[in-house]
């Protein structure tokens, strides 16, 4: 006969299943990178899923194309003749008000689209939602191309196309973040910014190619190409998998497993897929237990939702307040002011720097993490603006503004503009989207992202509309305003933005719910990967058998 006696030494059963804060801090950041669920493979094994993410990210190309082309349109002779105002000397010019409205109103449309059309992703799925918003975008392009000499018709078309792009800006990063492997999520979401920069660059090139014409080819051809981009985007959506989190939400479990397996290049029976699927289901059940999400929930402190919403709004706002669109929207105009003979060529150079630099971002965002990149970017861009503004104010016109500008000073300004764009392209440009795409729990994700990205669009409108007035008033001193915003952004990131590198979306949510201090978040370990360490309060189970 075998008998056993069990004695339990310890005072707290709870302590046996959780770590104390002290024990948690002892764990090393390297442990965080060790995946206990789906093992990492060589990056070449993920080419397929990365290609799919690139297709989804093509929505960013559409936005970039608009940014790159509109900066040239407002300087094209036919565009000014049709939509400008007749001057005393017989020429046509766009007034500051009309220029600001035509450039900036696109962002208002984007904000409206993000807040209203982003909801389609929750109702019909991310893929179908993206197809729907692309259709809205096409309607806006048709209105713009059909405009003949009524600037307000073109204005309305930009609002409608902006609504489509706003929906894309919410749904595209969302879908990428939900289908990409967690250790490549930062890189894959950064594809969206890569496509934006490609669109800006090719938009500049197209403007350069059409400026030699004297009729509506100058601006209607670039607009007509938008139909090709829309068709390519829709075809791409047919090929990509649906979000596994959306599929679980709709009860399509087998499809969700296949989507996870496809993203991680394993079979549906792989233990890692089973573990991640079970985690998604468990989190979904918890969300269902508390009912459907409402707009009011975004302003609740429960689950640290409100601090995350505020953080997303501020990060997206600060991306605009870096001053990036000061160059992208008005680059052609700016370099006319510094004496460049062909400012269209200069814009192409800036677009090329922007596009090439973003490839660096694809590497560093998951190599060095979100916080370090944002901090470095804020500091370097602030330095660039100090030099750009100081040279522009004190050295560009040594004999007065009514005299020729200094070529050497103009060259210095262009060089530091390139340094600024390099710093922006590898840090704030992609990472602002990465942050908002991985910060929110699924039940409020689309609403929270819509508000955050909407803030980006609103600031884009304000900068686009008021820049002509501000530069006319204070000139290149405008750069000091952006420098101040960049200094603020440095301290905001340090005190309020958590490091999410190497975490699943569910683990990111867990970290925020535990209210980890952002400057300590780099060493935080998810509960599923913690190794309990013996303490005086840990129960000790002794089994005697005979």
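Each Cβ is built from the backbone N, Cα and C atoms, and glycine gets one as well.
Here the structure is a predicted model, which means the values were calculated and not measured.
The annotation N-linked glycosylation site is assigned in Swiss-Prot to 75 on the grounds of sequence analysis. According to Swiss-Prot, the topological domain 'Cytoplasmic' annotation covers 1-44, 122-127, 180-185, 242-324, 366-372, 437-453, 497-546, on the basis of sequence analysis. Marked as topological domain 'Extracellular' by Swiss-Prot on the basis of sequence analysis: 66-100, 149-158, 207-220, 342-347, 394-415. Per Swiss-Prot, transmembrane segment is recorded for 45-65, 101-121, 128-148, 159-179, 186-206, 221-241, 325-341, 348-365, 373-393, 416-436, 454-474, 476-496, and the stated evidence type is sequence analysis.
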Proximity of the transmembrane segment (454-474) to the transmembrane segment (159-179), 3+ C-beta pairs under 8 angstroms: yes
Contact yes or no, the transmembrane segment (373-393) and the transmembrane segment (476-496), 3+ Cβ pairs under 8 Å, gap 6+: yes
Collapsed DSSP category at residue 75 (N-linked glycosylation site): coil
Intrachain residues whose Cβ lies under 8 Å of the topological domain 'Cytoplasmic' (437-453), provided they are six or more past its termini: 110-111, 114-115, 118-119, 121-122, 166, 169-171, 173-174, 176-177, 185, 189, 245, 249, 283-284, 287, 292-293, 295, 297-298, 303, 305, 308-309, 311-313, 315-316, 500, 503, 505, 508-509, 512
Top partner of the transmembrane segment (159-179) among 45-65, 221-241, 416-436, 476-496 - counted as Cβ pairs under 8 Å: 45-65
Stretch with greatest number of CB pairs under 8 Å, the transmembrane segment (45-65) reference, 101-121, 186-206, 221-241, 476-496 candidates: 186-206
Residues from the same chain, set at least six apart from the ends of the topological domain 'Cytoplasmic' (122-127), whose C-beta lies under 8 A from its own: 171, 174-175, 178, 237, 240, 242-243, 246, 250, 446
Cβ neighbours of residue 75 (N-linked glycosylation site) where a neighbour is any other Cβ within 10 Å: 20
Cβ-Cβ under 8 Å with the topological domain 'Extracellular' (66-100): same-chain residues at least 6 beyond its ends: 106, 147-151, 154, 161, 165, 196, 199-204, 206-208, 210-211, 213-219, 222-223, 325, 328-333, 336, 343-344, 347, 351, 464-469, 472
